[in-house]
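Okay, so here's the structure we're looking at.
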Amino acid sequence: MRKIVIAGNWKMFKTQAESQEFLKEFLPALEETPQEREVLLCVPFTDLAILSQSLHGSLVQLGAQNVHWAENGAYTGEISGPMLTEIGVRYVIVGHSERRQFFGETDETVNLRLQAAQKYGLTPILCVGETKQQRDSGETESLIVSQLDKDLINVDQTNLVIAYEPIWAIGTGDTCETTEANRVIGLIRSQLKNSDVPIQYGGSVKPNNIDEIMAQPEIDGVLVGGASLEAASFARIVNYL
């Protein structure tokens, strides 16, 4: 049976003080959340240590937003797997479209980060997806297959989550039709050696569409951006019907 993974990606939002205020409202709202749902918060590096303490013993797992492929070294601005696992981080987002778009991430560096994450005991969340131009040109399927082929070289598919994030739906308010998201996620699954890899949908996920999204048979969770920044909003998503 495939695992359900509901992840909030805070991106570059929330100071330590703001993260603590969030938890005061968020954690009590999870008292009746089914235990089999894996809930995680992928937060800025500055929030990781304090949230590791605050989330201890709760249902919520801690995630980071990036990891370098080296154990240590002269890589200014980067962070290593051992640094993350030491403070209780369990998951890490790899290859998010914003990293690819703004910071020069390539399929080759994504692959190195995926391997490093697993080497140091982290579960990576690999993000794949197409732009509006690529979708309009009919390139969605070929692009995603290419990303998977390059990104997953020597990656253990028993310790992996994949997020399908159509780039044109991220932060735009435009949500991919749920049946279309389900179709593309089915395509992703057909390319994998392990059909039990949890595959999430990401892109303008909100309380008013989560139930429809999670009713799709191929979708195993969501990667939530803006709607994860507000406690009541993210709690409603976690507690989908």
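For all residues, glycine too, the Cβ spot is worked out from N, Cα and C.
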Could you look at Ser195, Ser204 and say which one Swiss-Prot places alongside Asn9, Trp10, Lys11, Gly171, Gly225, Gly226 in the substrate site? Ser204
Given the binding-site residues Gly171, Gly225, Gly226, which one is most crowded in terms of C-beta atoms within 10 angstroms? Gly225
